[in-house]
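Report on the following structure.
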């Protein structure tokens, strides 16, 4: 960002005190940055080190060399279902994101644009669900899902989380601000609500869809409590549940555990770096935890 | 707008204003009304069904279960009235879990507030490499609590000599500290609080930066003309008051997030021998009551869920009121 964006009285920074303050700021920020990056570094360091190097007495910043062979060791280890759980995570997160976007966007559009006698009541019923975070009601949700026979079943991981009142609310707000002239034009061309939605509204809203998709995907990938409750069998573990099982008890080689953690974080870190601006705007505008 | 789920809800939305003007004459209204109903449910129906089955049904069922003896069954027959609630509210563990939450909130809320505001101010005051620092502080948001727990528990705060914290302390001659297993003093709080700080500071920093950038420049310029110097004076009299809405949002979001704390407690404190008897926030307590190894008690688990839901609903409603208030005074 350009220097003139910084808000300061003219000439202020040129005084010795001003220069000192700037130096102090950069110093503080640099120390903080090192601390913030340290955990990422530790994941990589431990993931690509040998067991002896991790548990050695003298703590060294860099092990002798990067042990790439750890990757093969991790993926071949029959005791550690890491590949399976990564695949589960991909399936669950993608399905959850697609489902949430589909149902919530349709509902948001209906609530925003289709006049109907009971529309207001339905809207309030959606709003009411925002008062109680889903995590707080995991016991009741478990009861329903177990009745459906979806324990240790990917459906149980995906379907109950596909109906987000908050996402529907965000879509409704977005569609309220969508330029009505575009829809009018489609209407004149003889398209109904359905045709207008799919041919005009959605293609012109891809940015918004993408922003919600990214945020939903990250939330889904990192979620833990619900996958822990539902994924009781190893076959239904997501990567977070698999990692947790080894963190909280079952013995495993430490370097394999850290490497698995690195593999689970990598896709999101890449996504973050690539979509930085997008996410920052999304976080600031919606207040959604990524 | 610093939108928060609840913040935007009451007061700020007027569903009535969303109705488009009728486009046809009165004569068409009857038929059109039916057509609209069909179109409306075509769009909203699938979502409404999902919400009914996976949001309303569980809560209703759970209210029902909370009045029954529902050990190891979800279709109980023995009605016990308010026993489950009485048990929850008079026996120790559930209340202790609310106490644990309060203590956690007492640690995490003020520190998050001060540090995320400090980061936002620092990042906002520099010119060179601003985007870089903002990205670095925001990056941990990509990390799951599970992975953070792994790093904190097995690398940084590992209780043995090769743990990073113990290594650094060892340079100063301090003995090894069993960070996550030590109850006297309760070092595990340091582990849990620093973990959550690392993971969420960047997110709240972004909210504060957005708030800072909405403050009109001319307020500062006027203050400088009046002789105020950048620094504490303008911060105290311009920045802080202007950040009021953002500050309330940060505090409440943070509080609600702390209320739902589960992941890092579970992963940092559980060992092969199970979860220790101390430091069980509400969701951890419910998890072990309703789904624990010692038998599943859905009656008490449901009663606990109902109580927790009621408490959070009250906070959300208050939040709506506070936000409406804050926005009016802006």
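Note: Cβ is positioned from N, Cα and C throughout, glycine not excepted.
TrEMBL annotations: computationally assigned, not manually curated.
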**Prompt:** Pick from A:58-80, A:196-218: which range does TrEMBL record as transmembrane segment?
**Reply:** A:196-218
**Prompt:** Can you say which of A:23-44, A:221-242 is given as transmembrane segment in TrEMBL?
**Reply:** A:23-44
**Candidates A:90-111, A:123-151, A:157-175, A:196-218, A:257-280; stretch with most C-beta pairs under 8 Å toward the transmembrane segment (A:23-44)** = A:257-280
**Item:** For the transmembrane segment (A:196-218), sequence-distant contacts whose Cβ falls under 8 Å of one of its Cβ atoms, 6 or more beyond its ends
**Value:** 93-94, 96-97, 100-101, 104-106, 109, 164, 167, 170-171, 174-175, 178, 182-183, 185-187, 268, 271, 275, 278-279, 281-282, 286, 288, 290
**Complete:** Per the Cβ filter (under 8 Å) with a sequence gap of at least 6 from its ends, the transmembrane segment (A:90-111) is approached by 119, 122-123, 126, 154, 157-159, 161-164, 167-175, 197, 201-202, 209, 212-213, 216-217, 220-221, 227, 238
